[in-house]
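Peer 1: Submitted below is the structure of interest, expressed as structure tokens.
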């Protein structure tokens, strides 16, 4: 195989109570990445978007992953990659994770699938580190594996694919900036044990709900008493959107990743679309430009769309 | 039905990382309780043990549950109960929960099963409140339902039966006193967010492991970075027992409830018995009297053994 074209999906990390450990893959938006194998150890990047992302491989999320993949593969080959970015950077929908995971999987396919899943995640985390300063894996893992995934532990890496529940996901991305580093800094380093106990009840309930496809249990467990009360103050309209979407029948939801996107899970497409209209309407009224996606949980992660 | 004899099993609460939310039922030890329906609203208690437990129903764990059941049932009937206690009070094996849950279920059977599971748990929590000062349900719930259970929330009550994995449980009860109230008081009220994140990764892994019967995942997830490091200082020999039992092949384990009992889960009876010998040997060497149980997870909770 000389070249390959893949789609790398957007992802929702944290899933309300599962801060830093849970994530799910979306069917849209997706980035499209086209890779060509080179016979010398270098990386050439073409960005097809309006985001002014760097083309220097050392400064580019996909670039650093590809450089690491080249080194890991013995340093004799290289990659030319064209990235068509549809997941807006800073949206909270795993834009950097899609670049990083897409690069790891794309390189791996062209190298004859020589890396294990754990190695792919390790490679992709190099890209996340460049983008966010932290080697977190809660977007990367569902991006690579699809469905809902658990990162039980980062050191050592321990990934548990949980399930691919048939749920609709509505996401609104308000065009405001919440930097991941800011969203991390406002978190309290110390929390109350009693709140942590509430949180772990909800995490356990959410995991059980996903594994059993018990939608009411999923809905009841989508509650976050620790992160959301702090982070949601950075997102205008958050409380109103959450309340009105649940009134309209959404099972529940919250901040996607570190925001500013907000996601809601629903059992039917009809509810998911109504939820989208509510989200859009509230941001229109507040005067914040926004994009709404109505999609489903993707049961596959990065997928090949073409190869030669 | 005029009389009934039931067995109420011992239980292991917390399950290492699942502080206050997880518990499992054991096949032994069990309390045996015999109930007779009375035609006037009173409670008569006979204790068949050496523990000097109160016979005044207002002061007895089973007594307060029966009084509440009488009131809930309209106040016209009463109960005479004989309690043969095999689960030692203060062992950390759910002795008070067995009395409370056994009383709730026994009364319910004699009253034609008029209470729902949630009502049974609410009734039994009255007994736990008397015994420990706290209305916790992590022993009561597995005692009533069997298997491994999750208490997602206490207010409102939300119980999720998880699974009945085919695991062996070895328990050692060292004859030292750790009062539940003391074990609670030494806990820190504030914990680090980074520790909480580790903990919820393990809780999610443990729940997934139980539901999938994935024993290696259960083993990896039996890690507690918050409660155990504090509470284990009250239990002599704890670290040595844990390390040596894991070396001998146990999947993992920790403090049962608030201690002093220690439990270990194993895949085979052979390992479970070897674990029991190790536990016993260490306490012999330290000079602490101890009882060891090698048993399995019970897939039923309180069960009827005789009725008339």
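Yeah, the Cβs are placed from backbone N, Cα and C, and that goes for glycine too.
These came from TrEMBL, pasted as-is:
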- A:67-147: domain 'GHMP kinase N-terminal' (DOMAIN)
- A:88, A:89, A:90, A:91, A:92, A:93, A:94, A:95, A:96, A:97, A:98: ATP binding site (BINDING)
- A:208-279: domain 'GHMP kinase C-terminal' (DOMAIN)
Peer 1: Same chain only, sequence gap of 6 or more: which residues have a CB within under 8 Å of the CB of residue A:96 (ATP binding site)?
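Peer 2: Non-local contacts for residue A:96 (ATP binding site): A:61, A:89, A:127, A:128, A:130, A:131, A:132, A:139.
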Peer 1: Take the domain 'GHMP kinase C-terminal' (A:208-279) and average the pLDDT across it for me.
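Peer 2: In the predicted model, the domain 'GHMP kinase C-terminal' (A:208-279) has a mean pLDDT of 97.
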Peer 1: In sequence order, which residues at least six apart in the same chain have a CB under 8 Å from the CB of residue A:98 (ATP binding site)?
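Peer 2: In sequence order, A:8, A:9, A:10, A:11, A:30, A:31, A:87, A:139, A:143 meet the Cβ cut-off.
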Peer 1: Just going by other Cβ atoms within 10 Å, which of the binding-site residues A:90, A:92, A:94 has the emptiest spot?
Peer 2: A:90
Peer 1: Taking the center of the Cβ atoms of A:88, A:89, A:90, A:91, A:92, A:93, A:94, A:95, A:96, A:97, A:98 at the recorded ATP site, which other residues in this chain have a Cβ no more than 8 Å from that point?
Peer 2: A:10, A:87, A:139, A:257
Peer 1: Please give me the CB contact count at 10 A for residue A:88 (ATP binding site), counting all chains in the structure.
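Peer 2: Around the Cβ of residue A:88 (ATP binding site), 18 other Cβ atoms lie within 10 Å.
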Peer 1: So, three-state DSSP: helix, strand or coil for residue A:88 (ATP binding site)?
Peer 2: coil
Peer 1: For residue A:98 (ATP binding site), what is the secondary structure state per DSSP, taken as helix, strand or coil?
Peer 2: helix
Peer 1: Mind checking how the domain 'GHMP kinase N-terminal' (A:67-147) divides into helix, strand and coil residues in DSSP?
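Peer 2: Helix, strand, coil within the domain 'GHMP kinase N-terminal' (A:67-147): 44 helix, 7 strand, 30 coil.
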Peer 1: On the DSSP side of things, how many residues of the domain 'GHMP kinase C-terminal' (A:208-279) fall into helix, strand and coil, could you say?
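Peer 2: In the domain 'GHMP kinase C-terminal' (A:208-279), the DSSP-based counts are 40 helix, 9 strand, 23 coil.
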